[in-house]
C-alpha cells in the first residue's frame, strides 16, 4: 500500500536509489565508490540544515531538499570546483509521511540534475526533535587550483555575484508578513523565494578559479563573511554600500526604510559568491559572468591592515560587529 | 573566560582546528582539499547518530565522538579501504556547555588518531531537539578494489570478526540493570562498554580486500545484515549458530537465558566485519587476522538460492524476519 510507511531498506530502494549516480552503486552497498579524475584534487564540504533554524516548518519538502543540496553546491562553486556528487544524512521526525518523503526525493533529484551533483549515498535515521539534514558534497579541481579564502591581496577588487539581502528580507517577510507595505505581492514573492531557493553559482566556478585570488560563498551575511575572508587573509578592505547590488524589491524596501540596509549587509542566506579579483582579471571575469547570465558587481577594494572592513555610505563609515553574525 | 560559550568561529578555532589534517586547511576555509593517491578510488560513507536512538543521554561526550567516527571507520574497513579523513556535522542542543564540547573534541581527536582518520572539515549548528551528529568518512582503495556487498558467491565461507551480540546485551543491561544476575560486575561492564565503544576493524582492511569476495560491517544485527548481503548478491546461506563467536560474558548470559540468542543474532551495534571468503583464501585471512590480533570465525556457508539465510541450532532451523531489524 503506497501510503504505508516503508522500512529503511525499501525507503531507500523506492525513493533514493533512482537518484543514485554510478558511484552510488544503486545504494545497495554500505559505501559509495568514486574514481577521481587523474591530476585533480577533491574539494569536500558539509552543511547541516535544521528546521526552524535554516528553514521553516511547513516549507515544501522539495524546497528543503533543494536548499540542503544548494548551499553545499554553493560552497563548491566558490572554491572553483566542479560537483562530483553528494551524500545525504537525513534525520526524520516521528510524523514523517510517505507523501512528504516522495516530494523530498523528487525535489532532491531535480536539484541534483540542475546542479550536476548526483546522489552517492546516505543514511536515514529517526530524529529526536525537528527534521535535521546534513549534506556532504564532493567536488573536483585541477590539482592545486582550489580557490582559498585565505589568499586575498591588497589592491584586489572585492566582487560579489547576483544580489545581496533578498533572502534576509524574504525571511523577515515570512515572520512578519505585514511589514514593508511598499512592496507588491510579486516583490514579496520574489524575496520569499530567494530565502527558500538559493541559486548556487556553480556555472561560474571555472571563471572564479581562473580569475579570483580568494573566494567564499555568502551564507552568514556579506559583512561578516567578508570580514572573515579578509581576516584569515591578513588584510582589510573598504566597501561602498551604494555599490552592493540590490534587487528591485530589496531596493524598494530599503528606500522605504533605510534601517533595513544593515539587515541586507548582515542578514545572510545569500549564497552568492564573494571574491577578490586582481584588476587585470576583472574584464575577463565580467565577460564570463555575462556568458552564463550571472550578475557581477565590484563593491570595494582590499587594503593592507588588520581591522574589519569599512562600509562607506555617503560620508559615513562603519565597521560591523562581526561576532554578532555567529549562529551561537 | 573559559566557561563562556564561544561563537561558532572561536569554537572551531579552539576545539576543532587543533584536530584538523593538512587537507582541512586549519578549518579556515569553507571546504577541505584532498589529493587522492594516483591509481586509487575513493570510498565514501556517512552515518548519523541521534541521542536516545544511537547513544543514551548522559553517555560521556568523548565516547559519543568516538562512536560517531568509529561506526564510519567500520564501514570503510569492511570495504577494504584505508581511512583518509572525515567531515563532522554537529547539531548541538540548547544546553551545550564548554566542558562538554571540550570532552567531545578530546575524544574525537583520540579516535581520529587511533583510527588514522583525521578531521577534514565540518559544520556546527543549533539542534532543535536532541544532540545529532553526522560523520562522512573518506577512504581509499587501489582502483577497482573496493570490496562490495553484492558479490558473495555460492560455496564461499561466511566469516565474522570478533564476537557478536555484546553490544546488544550491553544496551539491554543499561535499560534494565537488574537483568542477567548471573553476570559479574566485570562482565556487565564489558558488555556495556561494547555498546559504547565500537572497535572498528580497520587493521583488517587490507586482508579483507585481498581475501574476501564480499563484505559489510554488522551494524543492524548479524541476521539482518547477512540476509541483506546475500539478497543483493542473489544467493542464500546456512549459518550454524553454535559457530557464531560469543564473548565469555555473552555466553554466560545466553546459557542462563537461551532466549537471548535471538537478541545476540539480531541486536546490532556489533561493528564487526561480516564477509564471505572462498575456501582457498581462509588460511591466509586467518593468519592476517591473527597478526593484527582480531578474532575470525567461520559461521556458515553461502549456498545458491534466494531465501533468507537459515540459522541452525542443533536440529532446529529458522529464518529471521529481516524486515523487523529496520530502524523505521
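Note: Cβ is positioned from N, Cα and C throughout, glycine not excepted.
As given in TrEMBL:
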- B:30, B:45, B:75: Mg(2+) 4 binding site (BINDING)
- B:30, B:75, B:217: Mg(2+) 3 binding site (BINDING)
- B:46, B:47, B:123: Mg(2+) 1 binding site (BINDING)
- B:47, B:75: Mg(2+) 2 binding site (BINDING)
- B:54, B:269, B:325: substrate binding site (BINDING)
- B:122, B:123, B:149, B:219: ATP binding site (BINDING)
- B:220: Mg(2+) 5 binding site (BINDING)
- B:29-141: domain 'PurM-like N-terminal' (DOMAIN)
- B:153-306: domain 'PurM-like C-terminal' (DOMAIN)
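Distances between the Cα of residue B:219 (ATP binding site) and those of the binding-site residues B:45, B:46, B:75 are shortest for B:75. Closest to residue B:220 (Mg(2+) 5 binding site) by Cα-Cα distance, out of the binding-site residues B:30, B:45, B:47, B:149, is B:47.
Taking 8 Å as the upper bound (exclusive) on CB-CB distance to chain A, the binding-site residues B:46, B:75, B:123, B:269 give B:46, B:75, B:123 in sequence order.
The 10 Å shell around the Cβ of residue B:149 (ATP binding site) contains 26 further Cβ atoms across the protein chains shown.
Within 10 Å of residue B:122 (ATP binding site), as judged by C-alpha distances, the binding-site residues found are B:30; the full candidate list was B:30, B:45, B:47, B:54, B:217, B:269. DSSP labels the residues of the domain 'PurM-like N-terminal' (B:29-141) in these numbers: 35 helix, 46 strand, 32 coil. Of the binding-site residues B:30, B:217, B:220, B:269, B:217 has the largest number of other Cβ atoms within 10 Å of its own Cβ. Proximity note: of the listed binding-site residues (B:47, B:54, B:149, B:217, B:269), B:47, B:217 have a CA within 10 Å of the CA of residue B:75 (Mg(2+) 4 binding site), given in sequence order. Its Cβ placed at the centre, residue B:75 (Mg(2+) 4 binding site) has 28 other Cβ atoms within 10 Å. DSSP assigns residue B:217 (Mg(2+) 3 binding site) to a strand in the three-state reduction.
All protein chains considered, the CB of residue B:123 (Mg(2+) 1 binding site) has 24 other CB atoms within 10 Å.
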